[in-house]
């Protein structure tokens, strides 16, 4: 019997060579125009597929319950389609976008879908909050005005930051804009943890033999975990993006990092949530679907 003679120093050398090779591979992909196009076109393709799925699901829901108008579920799928379709176009025409002047236009084109993504998934928090408070016989009249107000304040602050950056490009304001959105992502993550957790615990108190209870419990648990994780990752990444040039996501000069980032925080969460929420609503006798006025 033979034993491999590999000591701690040999293992350290192997690990250093592995890291060096990975770093070399990373730079080769980032610096290659061909691989840049392949990676960004792949991102565009994935976003396009998610947009198609969201639209198909919206059409199915509309055909199933046309009498309910624009329900929360329909608005969620419509916004999901819009976010992914716009991202698809951005990554398809990224070379043209990189040459747009002033530079603030590039920031806006990248940030607007991110804000719309926040609004889209915040609808789920609103929906769960309404279910939770209705089950506890608490008035939900103030939830929708609060939802609109919070979104309005966030958009107003972000627009103000864009105007200031456009008027005078100050690096501090760019950092402030990124940190503001990191705070928005943290706010969304806490919202999912709060109302998703509350609804999950409430459903646990339903009778064990209830089939609907078991399915809804899994649905809420999965969606809460997915959305909390994706917004938390986004918050951390935006903080790195604000202070570390190597983590720059704005100018799309890091295709590998962009692919990892957008796959984890938008494409994968959107695809998983659409799959989990694929069940169509019943045709009649449902009262948790509210028209968006």
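Keep in mind that glycine also has a Cβ here, set from the backbone N, Cα and C atoms.
Curation plays no part in TrEMBL annotations; they are all automatic predictions.
Marked as domain 'THH1/TOM1/TOM3' by TrEMBL: 22-293.
According to TrEMBL, the feature transmembrane segment maps to 39-59 (among others).
The feature transmembrane segment is assigned by TrEMBL to 75-94 (among others).
Marked as transmembrane segment by TrEMBL: 114-133 (among others). For the transmembrane segment (114-133), the list of distant contacts is 72-73, 75-76, 79-80, 82-83, 86, 139-140, 143-144, 147, 150-151, 154-155, 158, 181, 184-185, 188, 191-192, 195-196, 198-199, 202, 220, 223, 227, 231, 266, 269, 273, 288, 290: same-chain residues at least six beyond its ends, Cβ to Cβ under 8 Å.
If you look up TrEMBL, you'll see 145-167 (among others) marked as transmembrane segment. Here the transmembrane segment (145-167) has long-range neighbours at 102, 104, 107-108, 111, 115, 118-119, 122-123, 126, 173-174, 176-177, 180-181, 184, meaning same-chain residues at least 6 beyond its ends whose C-beta is under 8 angstroms from one of its own.
Through the fold, the transmembrane segment (179-201) approaches residues 111, 114-115, 118, 121-122, 124-125, 128-129, 131-132, 154, 157-158, 161, 217, 220-221, 223-224, 227-228, 231-232, 234-236, 238-239, 242 of its own chain, all at least 6 residues removed from its boundaries and within a Cβ separation under 8 Å. Residues annotated as transmembrane segment in TrEMBL: 179-201 (among others).
According to TrEMBL, the feature transmembrane segment maps to 222-243 (among others).
Positions annotated as transmembrane segment by TrEMBL: 259-277 (among others). Tertiary proximity for the transmembrane segment (259-277) is limited to same-chain residues at least six positions away from its ends with a CB under 8 Å from its CB atoms, namely 39, 42-43, 46-47, 50, 53-54, 57, 73, 76-77, 80, 83-84, 87, 117, 121, 124, 219, 222-223, 226-227, 230-231, 233-234, 237, 249.
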Model confidence over the domain 'THH1/TOM1/TOM3' (22-293) (mean pLDDT, whole number): 86
